[in-house]
Ligand SMILES: Nc1ncnc2c1ncn2[C@@H]1O[C@H](COP(=O)(O)OP(=O)(O)O)[C@@H](O)[C@H]1O
Ligand SMILES: Cc1ncc(COP(=O)(O)O)c(C=O)c1O
Ligand SMILES: [Mg+2]
């Protein structure tokens, strides 16, 4: 029997609704991965409500928890680490130490960094020091990086001008360490208004994918976390980068369709669970000759 992969997921938890681990853990489990959730913050709700309660995990708790897993002899079973929303730069540094420790016992373990940065316009609030940590330190350690457009622009210090430019910018990140860069949402001048576009860049090439842009009264949150989580889960289950990319786009689209049908602000993950596992739609990633 094929072994079930294990994934340490280090990101936010919200008591109500879905963002961070609260958006990604259940879908990753639903597609067949054992998830070890480590919550960087526990907030009442995601920050785009404009107010929340709760607290940030003390950074020393991260090595303490990794230590506990090592003590029971399970650390070598960790096949991947995912990091997302961080409450402080110190937490980020503790995660990189944890990644090094896991790679020492399992050299094949992957580290996927979703570089969640603040987005003041959208109301995504992240401490400024976290962005600096992601830009300077995390990128050099990550095997996979999953920025959105704003985050890609921040890594490159400029705004993307075209699709070709986005590809060049994502490629420039490969030179800094990652083996794959998944841009979860492209936003460049001149793109088609009716599509939602994504990009995958690896050493083997670049792939572009488009799915329909759905209308929402308020943009749902946690879509990025769902995207990076499912992508890593499928890679661990044996998909190629491109197959994982296509699967993720389809499964996320199914969740958004259900969310739209319910006119819900929060992602309808429970209602969409069967379609996360077996999406009805398929979006083909088109290889770019760039
Ligand atoms: N098919 C879609 N139609 C409409 N909006 C979408 C679709 N897929 C994702 N979104 C929205 O697009 C945005 C993507 O956000 P972005 O900031 O680029 O990434 P992240 O989710 O990591 O913050 C989110 O607001 C999400 O709700
Ligand atoms: C607590 C928390 N975690 C994670 C996120 C990231 O969500 P997304 O997947 O939309 O980038 C947010 C965004 O506001 C948040 O408030
Ligand atoms: Mg995000």
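Every residue gets a Cβ built from N, Cα and C, even glycine.
Those TrEMBL annotations? Automatic predictions, nothing curated.
In the shown protein chains, 21 other C-beta atoms lie within 10 A of the C-beta of residue 47 (substrate binding site). Annotation source TrEMBL lists substrate binding site at 12, 47, 48, 225.
Positions annotated as ATP binding site by TrEMBL: 114, 151, 184, 211, 212, 213, 214. Residue 151 (ATP binding site) falls within a helical segment according to DSSP. Spatially close to residue 151 (ATP binding site) yet at least six residues away along the chain are 115, 116, 117, 134, judged by Cβ distances under 8 angstroms.
Per TrEMBL, domain 'Pyridoxamine kinase/Phosphomethylpyrimidine kinase' is recorded for 77-256. Across the domain 'Pyridoxamine kinase/Phosphomethylpyrimidine kinase' (77-256), the model assigns an average pLDDT of 96.
Binding-site extent for substrate: residues 12, 47, 48, 225, maximum pairwise Cα distance 14 Å (rounded to the nearest whole number). The two recorded residues, residue 12 (substrate binding site) and residue 114 (ATP binding site), have Cα atoms 12 Å apart. Checking the binding-site residues 48, 151, 184 against ligand 1, the ones whose Cβ sits under 6 Å from it are 184.
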